[in-house]
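The next block holds one structure in the form of structure tokens; read it before the comments.
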């Protein structure tokens with residue numbers, strides 16, 4: 001049942017965008033000229049494409065995120081069971097948490113967290 | 001406490017038994033009604049939130065804000081929507097057209113998707129999966145992709161820069177957001193949102209009381225990270241108007257821009273709503289263990305409790321937005337990776353210790 005509702009919710013979202021877009025297309029004005037089709041750039045003609053190589057720092061943080069995010073996802077099933085495990089829960093997750101903490105400490109020490 | 005699922009069951013029964021409709025039609029009608037309810041709530045809340053933001057911002061800056069359209073400026077937002085609708089929608093020649101039109105879908109799907117998980121009242125959650133809160137974090141991360149695609153597809157130098165900044169900021173803050181939610185899950189022992197709220201009914205059972213120190217810390221970290229996740233000041237690096245004109249939605253005109261505006265405010269509401277649900281008890285009324293007081297509090301409908309708490313957090317976040325100056329990109333990343341991330345790991349361990357040794361705050 002919830003899956004049907006979930007699909008309904010997603011379709012609602014899509015419907016909202018399509019409806020608003022089509023109303024705007026219908027009642028909005030339409031005109032075209034060459035200058036209007038240029039990307040905005042402080043009034044002077046644009047120079048070249050914007051799809052340029054980016055600062056490597058962004059990708060570094062993306063990789064770090066990927067690592068930690070996957071590790072936090074693994075924590076969810078454990079989190080649900082902590083109450084029934086009692087003190088044992090701490091022991092079972094200790095090693096895993098250590099990997100997480102050491103990973104962060106290592107990245108920090110290596111200077112991966114510095115923005116250059 | 002009034003249970004809304006009675007109404008839902010009555011309506012389901014009405015369709016099935018009284019009208020004698022088949023399975024297909026019943027589900028279709030119910031889904032359409034749910035969709036309409038979501039759209040209505042979404043639009044109404046967007047209007048209220050945008051109006052509130054303008055007024056709050058105005059009073060923080062010693063102005064009076066919009067007052068001309070309607071009584072005390074109440075119709076200003078409707079006027080804005082009308083204006084956005086009659087504006088032309090056009091694409092930059094060099095833009096990636098497919099991605100350009102796809103991006104608003106992703107952003108709106110993420111915000112409507114997370115929005116429909118909020119518990120409005122007892123039994124009035126639209127989606128109530130048993131992995132609810134986990135699914136919320138999963139869906140909310142689609143929004144990052146939407147914002148990134150919007151900036152990238154525009155083929156505008158400001159937009160591309162803003163997309164990169166927005167992406168790196170939002171993915172970073174997702175980590176502490178997730179860790180704070182995990183600490184809450186440890187305390188409640190369930191991921192289902194109705195279950196999380198259910199665990200907070202009773203005297204002094206809101207998580208923020210139940211989990212005392214780690215829960216309060218987690219609430220604060222959640223608010224900070226949520227603010228960054230909703231891309232609002234002081235973390236509005238992605239649309240830093242003094243350096244990037246309008247950021248990732250520079251090249252969007254009319255309604256295209258409207259979607260991002262809508263999603264921003266609804267994301268703010270969703271983040272506040274989640275903070276209210278997870279830490280402040282959702283629709284659960286405040287009970288202090290004295291019978292007379294508790295009975296009076298239980299008479300107040302759950303939806304009022306939920307909206308009251310949520311708007312309290314919304315006001316808090318607006319207050320922060322209009323008080324603090326914008327951070328630089330290195331400051332934002334330092335704050336997350338060198339302060340909030342270790343702090344949320346410590347909160348997680350503290351919370352585990354508290355739960356494992358039964359040091360939670362409960363009145364028997």
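Including glycine, each Cβ sits where the backbone N, Cα and C put it.
Quick look at what TrEMBL lists:
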- B:24-51: transmembrane segment (TRANSMEM)
- B:98-120: transmembrane segment (TRANSMEM)
- B:132-154: transmembrane segment (TRANSMEM)
- B:175-197: transmembrane segment (TRANSMEM)
- B:203-225: transmembrane segment (TRANSMEM)
- B:265-286: transmembrane segment (TRANSMEM)
- B:298-319: transmembrane segment (TRANSMEM)
- B:339-361: transmembrane segment (TRANSMEM)
Residues of the parent chain within Cβ reach of the transmembrane segment (B:175-197), under 8 Å, 6 or more residues beyond its termini: 117-119, 122-123, 125, 128-134, 136-137, 207, 210-211, 214-215, 218-219, 221-222, 224-226, 229, 277-279, 281-284, 336, 340-341, 343-345, 347-348, 351-352, 354-355, 360
Beyond the flanks of the transmembrane segment (B:339-361) by 6 or more, those residues with Cβ under 8 Å of it: 173, 175-176, 179-180, 182-183, 186-187, 204, 209-215, 217-218, 221, 224-225
Most Cβ pairs under 8 Å with the transmembrane segment (B:24-51), selected from B:98-120, B:132-154, B:265-286: B:265-286
Selection from B:98-120, B:132-154, B:298-319, the stretch that has most Cβ pairs under 8 A to the transmembrane segment (B:203-225): B:298-319
